[in-house]
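**Q** Can you read through this structure? Questions will come right after.
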Amino acid sequence: MTYRPDAIRSITLSQIPLPLSVPISDAKVFTGRQKPMTEVAMLFAEIETAQGRSGIGFSYSKRAGGPAQYAHAKEVAEAALGEDPNDIGKLYTKLLWAGASVGRSGLATQALAAIDIALYDLKAKRADLPLAKLLGSHRDSVRTYNTSGGFLNASLAEVKDRASQSLEEGIGGIKIKVGLPDTAEDIRRVTAVREHIGVAPLMVDANQQWDRATALRMGRAFDDLDLVWIEEPLDAYDVEGHARLTRTLDTPIATGEMLSSVAEHRSLIDARACDILQPDAPRVGGITQFMRLLALADEAALDIAPHFAMEIHLHLAACYPRETWVEHFDWLDPLFNERLETRDGRMIVPDRPGLGISLSDQARTWTTETVTIG
Ligand SMILES: [Mg+2]
């Protein structure tokens, strides 16, 4: 059978603000840099082709930037019409250059990410394969840890309850936020959770709010608590500071979620500035860019633990040669008809074709803007 090129007939973009049940605070709220988070601004792209195929992808932003991502995607999406959706490399480059005046990182590429991810979903569905299988997976499940129960707006009692609940649900690890103004309180909370969960994997996340001296002191205080990692101890762009912590502390250092291009991640990799890289596919521009990043990280013998968006990252993490972690967040659950399964500390790659997600009626109800290009 000879190959018959398909053509992109339309791209529907939707802006969907996802409300959170309680306002969320991490260390950035306590340093006064951000307000508690009340919603996540989701950008969805749904692609239809001349041969009747479809794909769905999403990107997101927190606190600000959602309408701008939507506006940028709306402006450049037309460049994809009529193209073969299988030519994802070509399409990414075309969309990138259509809006390159505002940069090849950050908001501009985050807007493209929704389309890039939808193209991969479409291709995997065409092949009748889960996305991980299309890309070439190493495993059918990935270790998973809970984050949503460990924010700083939750009391220690609540954090402990949520940790127990997560472990009972088959989520293997627990991450809790640190970076309170009172560092002794951070130590008290982390020590109490360690005692509460016993030997279960435990991570902490300072969301970039320590200075170098505090990060070193806190890292030393945590070194005998057997943490899986200390996340974002410093400003995301302090490569030298992270490199020094990575060399000095016994506990692995994790960072990278705030970076929005392969080039920015390369500065961390080249400087050996972390043990665990935490890329985020929607933030770096989608799966095309994320897979380039995985190749670089593997060459540098780094571990990875992708940030947020488990619905996408589960597939991508399954394709990394080394064992990885995905972050279990149930926040996006109301947007989708499907649920991801966790068992024995691992999240199971779904056997549905593509990403294995479809938008729920609730997501349609929450949609504030939508446009079909084409
Ligand atoms: Mg984090």
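All residue numbers here begin at 1 and follow the chain in the order shown.
Cβ coordinates come from backbone N, Cα and C, glycine included.
What TrEMBL says about a protein is an automatic prediction, not a curated fact.
Below, the features straight out of TrEMBL:
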BINDING   Asp26, Ala27, Lys28, Lys62, Arg63, Lys175, Asn207, Glu327  substrate binding site
DOMAIN    156-252  domain 'Mandelate racemase/muconate lactonizing enzyme C-terminal'
ACT_SITE  Lys177  active site, proton acceptor
BINDING   Asp205, Glu231, Glu257  Mg(2+) binding site
SITE      Asp280  site 'Increases basicity of active site His'
ACT_SITE  His307  active site, proton donor/acceptor
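Any idea what these are sitting next to in the structure?
**A** DSSP assigns Lys28 (substrate binding site) to a helix.
Residue counts of the domain 'Mandelate racemase/muconate lactonizing enzyme C-terminal' (156-252) by helix, strand and coil are 52 helix, 12 strand, 33 coil (DSSP-based).
The Cβ of Lys177 (active site, proton acceptor) lies under 8 Å from the Cβ of Asp26, Ala27, Gly150, Phe151, Leu152, Val204, Asp205, Ala206, Asn207, each of which sits 6+ residues away along the same chain.
Under 8 Å, Cβ to Cβ, and six or more positions away along its own chain, Asp280 (site 'Increases basicity of active site His') finds Gly256, Glu257, Pro306, His307, Phe308, Ala309, His313.
DSSP classifies His307 (active site, proton donor/acceptor) as coil under the three-state reduction.
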**Q** Does Lys62 (substrate binding site) have same-chain partners at least 6 apart in sequence with Cβ under 8 Å from its own Cβ, and which are they?
**A** Met37, Val40, Ala41
**Q** Name the secondary structure element type, per DSSP in three states, that contains Asp280 (site 'Increases basicity of active site His').
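**A** For Asp280 (site 'Increases basicity of active site His') - judged by DSSP and reduced to three states - the answer is coil.
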**Q** Could you tell me the mean pLDDT the prediction assigns to the domain 'Mandelate racemase/muconate lactonizing enzyme C-terminal' (156-252)?
**A** 97
**Q** C-alpha of Lys175 (substrate binding site) to C-alpha of Glu231 (Mg(2+) binding site): distance in Å?
**A** 9
**Q** Kindly point out which of the binding-site residues Arg63, Asp205, Glu231, Glu257, Glu327 have a C-beta less than 6 Å from some atom of ligand 1.
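**A** Result: Asp205, Glu231, Glu257.
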